[in-house]
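Trainee: The structure under discussion is supplied below as structure tokens; questions concerning it will follow.
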Amino acid sequence: MQVEKIPQEFMVALPLLQQIRAAGFEAYFVGGSVRDTILGLPIHDVDIATSAYPAEIKAIFERTVDTGIEHGTVMVLDHGEGYEITTFRTESGYQDFRRPDKVEFVRSLKEDLKRRDLTINALALAPDGTVIDMFSGLDDLENKTIRAVGDPTERFFEDALRMMRTVRFASQLDFKIEPQTLQAIKANAHLLEKIAVERIQVEWIKLLLGKNVVQGLDAFLETKLYKYCPQFATREQALRKIAKLPQLKLADELECWALLAYVFELTPKQVRSFLKAWKTSNEISTEVQNVLSILEQATSDLDPLVCYHAKERATKAASHLLDILQLPLTGAKLLQTYTALPIKDKAQLALNGKDLLQTLGLKPGPGLGKILNTLEQKVVLGELANDKTVLLAQAEKLSKELN
């Protein structure tokens, strides 16, 4: 196969391949970027593989950095950009099911490609646009099939995360997993316990943000991978409930975690525990609870204060989830309520604590904070205009009541 139009991301790195070849070595673009080029998808990472050993790459280029030289990777600096160039290699002895005990540099492209996870990722692109396909990856791309390179059990023993990557690609690319590969995941799902949660989390979120989430979730459940993910083992039915949602198209990580927390019916304390187990950020944990505060009101009249305290990001996420979950409150109604708020933040209040201290002669303390909070609430609810004169008059009245 010939790629007629080489993407710009490859074109800027093409001189590097040509330099390596001029020195008498092979060099190709490899991996997911080649797959995505053929599928017409955006390219994220440009990976270059070569028959030149690290010392030979360093002799060819003036500016290099040893980013992973023990695994054959050298970064070449060119026109302000850094390109990782990796020597063809074989790997062996995966005692921890994620990293090879031994890496050996080789001159053979085929030996390098045969260690890769899936046939659709074991493609190489020559500088002239020729696609090198030694494992029928092009056929699998055409047939929308996900297949391990060689023996799938061997591939998953080399890195157990590959099982999560496989079901992730089923969602992301809307491809089917071929039976032998699927069976190997079922037989080896328990190996996922050997993998760091942070690595699993990356694949899990990509699965939920994929083109065909239902297909990815079905494979995730069928293979029992879920049993080896944090706090999923007892939640098969809840995960199946998510897989049955008719409009399941999530926008970002926040929506993913908020949907899970809602369907799992987690309390605020459980949300924190759940997300901590998944090693998410504290920011995500807070935002998920903000989203849930809105979703929990979806069957009653919406309190504008809930929207106000949830803020914009959580409100937008909640509006999308309301429609996905088909709850009585619509996403449009929620956004309308948020847009209509007189203020979106305390900083927009027409007065502040300093105004109260200077104008009314109030003293710092809990009383001052209570007055400000009351004014803020009344403005949000539309009970007071956000006008300094109006607010000062109300503050004076509240001050007398407190005293």
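Just so you know, glycine gets a Cβ as well, placed from its N, Cα and C.
A quick note: this is a predicted structure, and the numbers were derived from the prediction, not measured.
As annotated in TrEMBL:
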DOMAIN    27-147  domain 'Poly A polymerase head'
BINDING   G32, R35, R116, D159, R162, R165, R168  CTP binding site
BINDING   G32, R35, R116, D159, R162, R165, R168  ATP binding site
BINDING   D45, D47  Mg(2+) binding site
DOMAIN    174-232  domain 'tRNA nucleotidyltransferase/poly(A) polymerase RNA and SrmB- binding'
DOMAIN    249-394  domain 'CCA-adding enzyme C-terminal'
Trainee: Using all protein chains shown, find which of the binding-site residues D45, D47, D159 scores highest when you count other CB atoms within 10 A of its CB.
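Mentor: Output for this query is D159.
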Trainee: Where does R165 (CTP binding site) sit in DSSP terms: helix, strand, or coil?
Mentor: helix
Trainee: Between any two of G32, R35, R116, D159, R162, R165, R168, the residues recorded as binding CTP, what is the biggest Cα to Cα distance in Å?
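Mentor: Maximum Cα-Cα distance: 21 Å.
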Trainee: What binding-site residues among G32, R35, R162, R165, R168 are found with a C-alpha within 10 angstroms of that of D45 (Mg(2+) binding site)?
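Mentor: Near D45 (Mg(2+) binding site) by Cα: G32.
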Trainee: Counting Cβ neighbours within 10 Å across all chains shown, tell me which of the binding-site residues R116, R162, R165 comes out on top.
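Mentor: By the 10 Å Cβ neighbour count, R162 comes out on top.
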Trainee: Between R35 (CTP binding site) and D47 (Mg(2+) binding site), how many Å separate their Cα atoms?
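Mentor: That separation, Cα to Cα, works out to 12 Å.
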Trainee: Within 10 angstroms of the C-beta of R35 (CTP binding site), what count of other C-beta atoms is obtained when all protein chains are considered?
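Mentor: For R35 (CTP binding site), the count of other Cβ atoms within 10 Å is 24.
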Trainee: Using Cβ-Cβ distances, find the residues under 8 Å from R168 (CTP binding site) that belong to the same chain and are at least 6 apart in sequence, listing them in sequence order.
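Mentor: Listed in sequence order, they are E203, W204, K206, L207, G210, G216.
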